[in-house]
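Below is one structure, written out as structure tokens, with a few remarks after it.
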Amino acid sequence: MVSESDQFNLLYSLSFTLFLFSHFILCYTFLHYFTKNKLVMTKVTVVGSGNWGSVAAKLIASNTLLLTNFNDEVKMWVFEETLPGGEKLTEVINQTNENVKYLPGIKLGKNVIADPNLENAVKDADMLVFVSPHQFMEGICKLLVGKIKAGAEGLSLIKGMEVKKEGPCMISTLISNQLGINCSVLMGANIANEIAMEKFSEATVGYSQHKEVADKWVQLFTTPYFIVTAVNDVEGVELCGTLKNIVAIAAGFVDGLEMGNNTKAAIMRLGLKEMMAFSKLLFPSVKDSTFFESCGVADLITTCMGGRNRKVAEAYARNGGKRSFEELEEELLKGQKLQVPK
Ligand SMILES: NC(=O)c1ccc[n+]([C@@H]2O[C@H](COP(=O)([O-])OP(=O)(O)OC[C@H]3O[C@@H](n4cnc5c(N)ncnc54)[C@H](O)[C@@H]3O)[C@@H](O)[C@H]2O)c1
């Protein structure tokens, strides 16, 4: 016969043991989860902090907070500038969480950390997003040789190419060759200010070999208002993003000369055909289907309607060619750069 007090003691020890056991399991699970994720957490750095660079950082930073396989903090390398009030741009970004020069009025996310030191910004990164105007990339790559983590992956958001004596060189190739890393691209109908305001748009990731890497880039950039798909055609995607800027200059001339919508549509149609022909001449592997992704026809349309090349070309035509592109770029783009060969 078990007495009442023995029963109580038995129940008490049993519940105490259960209590200890459940806490042990909780602690173990937490530690296991924390350690595992800390070891595999991917660190991201954005190299560039202009208009698109800042929006890219905002998109990424909203996702790294949600995705357990990414480190929350997103580093953003800033080409340091002194603002008219004498403050450093980097300090203002870190204090206000806003790129007051290139993306005023938009909060980037508290987990975006601006860093003016290029080497420091990239040293721990597993995924590097390159988003500087194309004319600065060769110089940036030279500074980065030997400073990148082994096995890091690159993604170029840069629309443009280097034209060398030996022929044209895609920016992703320049990055790959100089830094010894794999480099995918992300292009699309992506006027940065609209994405900053979370207006819906699409984009295309172009990759050459590793689908799983492309999927990780898609995961890092996709939000409900920014839908990204991947295609196995890195050259095709990058050439779309580059060549549409030339067609946009012609579209700007059409606007400046007030030639009308039919002429502009003709310029866009002919431009698309030439983009396809030229791309295939450079890289026979380029796929027709790529031109019907966001990076192709959609980017061509948006750039010919609202891009910066169109804007400056229109002003050039309205001024009868009497004011130079450089002068108009300075006046109309306020620090942003035209997408033209330099
Ligand atoms: N802005 C867009 O809507 C948009 C959209 C898609 C793709 N892109 C592409 O993104 C790339 C970057 O464009 P953006 O709009 O972010 O830049 P931007 O034109 O807004 O800004 C220029 C940037 O260049 C930096 N800079 C100036 N001098 C420099 C130097 N000597 N060395 C290094 N950096 C210097 C400035 O600090 C600034 O960050 C371009 O290739 C562009 O085609 C832009």
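Here the Cβ of each residue, glycine as well, is placed from N, Cα and C on the backbone.
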Given that TrEMBL lists G48, S49, G50, N51, W52, G53, F136, A192, R308, K337, Q339 as binding NAD(+), which residue among F79, F221, F226, F278 does it place in the same site?
-> F79
Rounded Cα distance in angstrom between N309 (substrate binding site) and K244 (active site, proton acceptor) is 10
Distance in Å spanning the most remote Cα pair of K159, R308, N309, given for substrate | 13
Over all shown protein chains, what is the count of other CB atoms within 10 A of the CB belonging to N309 (substrate binding site)?
-> 24
Whole-number Å only: compute the distance from the Cα of R308 (substrate binding site) to the Cα of K244 (active site, proton acceptor).
-> 12
